[in-house]
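A.B. asks: This structure is in structure tokens; I'll ask about it shortly.
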Amino acid sequence: MDDKVSEKESSPKQTEEDSEGKMAHVQPASYVNKKKYVFGKTLGAGTFGVVRQAKNTETGEDVAVKILIKKALKGNKVQLEALYDELDILQRLHHPNIVAFKDWFESKDKFYIITQLAKGGELFDRILKKGKFTEEDAVRILVEILSAVKYMHSQNIVHRDLKPENLLYIDKSDESPLVVADFGIAKRLKSDEELLYKPAGSLGYVAPEVLTQDGHGKPCDIWSIGVITYTLLCGYSAFRAERVQDFLDECTTGEYPVKFHRPYWDSVSNKAKQFILKALNLDPSKRPTAAELLEDPWIICTELKTHNLLPGLKEGLDARQKFRNSVERVRLNMKIQKLRDLYLEQTESDSDFDEGSQANGSVPPLKATDTSQLSKKLSEEEQSKLKSELTSKAFAQLVNTVLAEKEKFLNINRVCSSDSDLPGSDIKSLDEAKEKPEGKDTKTEE
């Protein structure tokens, strides 16, 4: 695609500079586009806004809408730059395995980014519903991920946050393409060799060089693919550290950054393990590119193992998903309430946040109207106390669920970490491989 973007595509950055002056007067010209969309349920929430499902009434297409509050972004140059980068990157990428950009517009107080809606669910959720999962199935998935990353890297774009939660199916059919989503911290490099130095990513999937701030580029995405592949084949994550230094210690202790615990890895081929170790090379300059991994012996092998890995996968993946879902239900409602408290007037009725803001199975977040009717009778201190009590009760109803799921999840971790490694001969076919010394066990994610 031509490096030059259209006037409309480049205008968010320009219009934002004038937005403060407009906020007290009229809506920006692009706001008329909002009339095309009917908003539905809330899909997620963050520090600066929410993501909601919507329908384009002109085309009938379901879409995802990221809504960002300008007040929250005001004065935050880093986040504003990330917003402009995301818009620029989304408009440059056109690939069947990358979520498609649809539109953008703004109101006097919000930005709206419209993208393709992936209705088929997350990668690991789909696997849990299968009756069988083999290495052949894993390879098909990785070909889609690698194809997307190869294309991104050819455009000098680094995703920097590849993880299972950002790998989504477009629809529920068996033929649905898998797409890479969430380019919120992606960066467009000025050259093939440019390095970035500010840390970004998700602990457990982020490459070591990102955290040590030694400079990172395209190879950091390859590391993330290695971690995803590891979990794809065993059901638990390669690392369980919850702090940066613990993670760095975990992946640098021993000759290899990960171990293949038995019995979980007994039925996985050596070629698959070699693929993982190549992607998880601690030296980013020695990691293969996405194009090279597409030609890896494991990926192009015509006689892959057909052993059903699903029974072993389900225990780990199911505990992982239930724990994460419980935590996310709490986080979603707390984030939405915080956004209301910080940036919306108490009496303001804001359809962008009220309708459909409840996470499935969770306690409804407080609405501004819950206390507005009492405002004349209660002092500010009393109102604040009431809101705090209501929030605490809502949170308390969820905390037991989270703790229960966490205990199940940690039980899986303990089993994995207590198992011995596979015999050293199991990985000796690697170039320059030696018998792996005993070191710190690698365990599951937080």
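All residue numbers here begin at 1 and follow the chain in the order shown.
Using N, Cα and C of the backbone, Cβ positions are placed for all residues, glycine too.
Sequence annotations record features per position, and here Swiss-Prot assigns active site, proton acceptor to Asp161. As annotated by Swiss-Prot, ATP binding site applies to Leu43, Gly44, Ala45, Gly46, Thr47, Phe48, Gly49, Val50, Val51, Lys66. Residues or ranges marked as compositional bias 'Basic and acidic residues' by Swiss-Prot: 1-23, 428-446. According to Swiss-Prot, the domain 'Protein kinase' annotation covers 37-299, on the basis of sequence analysis. Summarising the annotation, Swiss-Prot assigns phosphoserine to Ser357, Ser417, Ser418, Ser420, Ser429. Marked as region 'Disordered' by Swiss-Prot: 1-25, 349-380, 415-446. The region 'Calmodulin-binding' annotation in Swiss-Prot covers 312-323.
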A.B. asks: Reported as an integer number of Å, what is the Cα distance between Thr47 (ATP binding site) and Asp161 (active site, proton acceptor)?
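C.D. replies: Checking the Cα atoms of Thr47 (ATP binding site) and Asp161 (active site, proton acceptor) gives a distance of 17 Å.
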A.B. asks: Could you give the Cα-Cα distance between Leu43 (ATP binding site) and the residue listed as 'active site, proton acceptor', in whole Å?
C.D. replies: 19
A.B. asks: Applying a 10 Å Cβ distance cut-off over all chains shown, what neighbour count does the residue listed as 'active site, proton acceptor' have?
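C.D. replies: Other Cβ atoms within 10 Å of the residue listed as 'active site, proton acceptor': 22.
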A.B. asks: Starting from each candidate's C-beta and looking 10 angstroms out, tell me which of the binding-site residues Leu43, Ala45, Val51 has the most other C-beta atoms.
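C.D. replies: For the binding-site residues Leu43, Ala45, Val51, the Cβ with the most other Cβ atoms within 10 Å is Ala45.
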A.B. asks: Determine, to the nearest whole angstrom, how far the Cα atom of Gly49 (ATP binding site) is from the Cα atom of the residue listed as 'active site, proton acceptor'.
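C.D. replies: On Cα coordinates alone, these residues lie 19 Å apart.
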A.B. asks: Please identify which of Thr47, Gly49 has the densest Cβ environment, defined as other Cβ atoms within 10 Å, among these binding-site residues.
C.D. replies: Gly49
A.B. asks: What Cα-Cα separation, expressed in whole Å, is found between Asp161 (active site, proton acceptor) and Ala45 (ATP binding site)?
C.D. replies: 17
A.B. asks: I'd like to know the mean pLDDT over the region 'Calmodulin-binding' (312-323).
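C.D. replies: Within the region 'Calmodulin-binding' (312-323), the model's average pLDDT equals 60.
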